[in-house]
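*Asks:* Handing you this structure, nothing more for now.
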């Protein structure tokens, strides 16, 4: 492969931002995967190898499996956040929706509901909480970031109030729901398989349905979208409901794995999910998104958190270290992206 | 001695000549009208005088000394103030803060609001602007903001004050107040340059007139005494325009099949419609195959007619019927679903997603907003359909993957047209469709609009470009203060008649 700086490809490359192939090994990998999220994948792999080179224990398949398992919840949330960022919206209540739907389903199961029915109810509840967010935005005409800042506290408060601040225990852990979603299939955690399915479905929705196009059109130019006959309000409701439903789904996966309900679970997930989406390559200015990138961003964050444990970093410094790694990842990605865009502009594309 | 003098000013943008040989001589204590058609170069000349744009050649003198401004702040320090067409206020700040941008009086490191208020209050009172100094500018009406712009310019105590279409946002009473102020300034020996479309105001107010045509001064500081509206119109348009008007754009491409032949009665009918404060008893009919124009000075109501057809506004009386014979729906989305297409001159803000490729923009309405392709949107279909329409409208681009933002203005407008043609519209509404595109692209666009009409669609167009209205349209309704004052067609459809009717409300008898 020749390194092509001025002669950018015209037809055979996905024209989404960041998809232009650069030179060197990065370009090769990108072409191999054919996706714009390759750079975050490369970063993740490199980070794993670096940690593994210093602490070979980290490369143990069981360790890597745990890392993956831990990233699933934020990854599902990040996929939804990517949709919202693509239309210049944001939802700060995702961690709280995750927690509230988990707690509610756990309480229903404890009270004798069939766990399958309770799990579906949890996902529906998540979607309804998303609808509540959308309704608040619509009725009071306030930005989603403000509305969801309020509902973040309200939903979290409901989790605590309903559970009276106690762990919800005494769930029928021998039921197939827990055995299946908390277990493994072919050695892979089922929740990771669910994540893969979600990635495929959401990528499909984003890239090939009118809804996916509308989301990106609104993010690209809201006025032009409205003038083309796209209803901003309707798309916003749909996107926030999708986000809520995904948070509910993540909650069910968490419930199946943990086997109990902690009313504080998912605190801070909203910021991790936003960070993951941004690390994955979804720009905050809107107009574009990558679901796979957002999920890989969550995996990267999970690698950082787990990896730091190996480095004898004082526990009080781990938060600082996590932040530093996020900053480095986002910073490098942004610099590379700007160089690529400058190159693409020079080529007249 | 002259207050302001510009001589042999030349300016080209790329290959386009904005000013060829423009001059302006303003005496102190006069109100000087700077007139010209759209694109004659008025705005460019104003920008050069106020330091916003550097001329390629020419001399600029203030009270006899040669000057060359590095930027607008530099011009302001020399006593040149401008009230611009595009309002340049900060909507989130209050009235007082807006009056002293970057030059607040200070006491030590602090802004001296007391002193600011002392300076501002008399000027606001003089202008009859009854607002509190603490009012947020975003809450003011458009007319109040326009007056605030004037106040902001007056605070600097300018020697030369340029007003670029200052009354376009004002109702007649407020405009009258402003004109009185200008008379006061004139008595204070300020040189006032007044750029306006409204010739009645010019006649009532100005002392001398300079007319630009095609970037050159054709009437140089002529005293108003010897002038009449027809004479001014004559020099604005020139002789050759009268002949050129006979050359009508023809349909350049065959778009049959690209537009839907309207069902039902077939015509777009606006019948005895009134809209509060905007229209009274207006009737406009546009039949398929016709290009119908709407003309008027800003605020005359011609754009309201377009808004009615697009579902953006509801009539308070009368009815608006789309070609399918049913009333126009509430809301733009419903109108689009009924076959209405809307192309505005503000293509960068309202027409395009600048960061997206051409094919994505082209599929925006049909496949995305209306979801006419069903539950799936295939890139391949979008690309193929975009390629087909791109060749139809003769879009010039190396690739359909190119971002819309990188295209020229004319090509951008073609992409906007492409996205609407995909919906098979039965009504095409145009609002100043060729604003800011060069002459060649304009002619091409006119050919396309003709083609759309020939293919059987109803075409209704607003324009500030008189040449466009006179040559492209079959009929033109001229609105004056919310009423149709003239319906011009055939022999009478000429720029002279349009301009005169726009300004006076009556058609001159030849």
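One-based numbering along the chain as shown.
Each Cβ is built from the backbone N, Cα and C atoms, and glycine gets one as well.
Please treat TrEMBL annotations as automatic predictions, because they have not gone through curation.
Below, the features straight out of TrEMBL:
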- A:1-21: region 'Disordered' (REGION)
- A:38-55: transmembrane segment (TRANSMEM)
- A:67-85: transmembrane segment (TRANSMEM)
- A:92-110: transmembrane segment (TRANSMEM)
- A:116-137: transmembrane segment (TRANSMEM)
- A:144-163: transmembrane segment (TRANSMEM)
- A:183-206: transmembrane segment (TRANSMEM)
- A:239-259: transmembrane segment (TRANSMEM)
- A:265-284: transmembrane segment (TRANSMEM)
- A:291-311: transmembrane segment (TRANSMEM)
- A:317-336: transmembrane segment (TRANSMEM)
*Asks:* Counting Cβ pairs under 8 Å to the transmembrane segment (A:38-55), which of A:116-137, A:144-163, A:265-284 comes out on top?
*Replies:* A:265-284
*Asks:* Tell me, please, if the transmembrane segment (A:67-85) and the transmembrane segment (A:116-137) are in contact, taking contact as 3+ Cβ pairs under 8 Å between residues separated by 6 or more positions?
*Replies:* no
*Asks:* Residues sitting near the transmembrane segment (A:144-163): Cβ under 8 Å, six or more positions beyond its termini, same chain?
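*Replies:* For the transmembrane segment (A:144-163), the sequence-distant neighbours (Cβ-Cβ under 8 Å, at least 6 residues beyond its ends) are 84, 89-93, 95-97, 99-100, 103-104, 107, 129, 132-133, 136-137, 236, 240, 261, 263-264, 267, 270.
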*Asks:* Taking A:116-137, A:183-206, A:291-311 as candidates, which has the most Cβ pairs under 8 Å with the transmembrane segment (A:239-259)?
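*Replies:* Answer, by Cβ pair count: A:116-137.
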*Asks:* Are there residues at least 6 beyond the ends of the transmembrane segment (A:183-206) whose Cβ is under 8 Å from a Cβ of it, and what are they?
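*Replies:* Same-chain contacts beyond the flanks: 65, 68-69, 72, 75-76, 79, 83, 86, 212, 215-216, 246, 249, 253, 256-257, 289, 291-292, 295.
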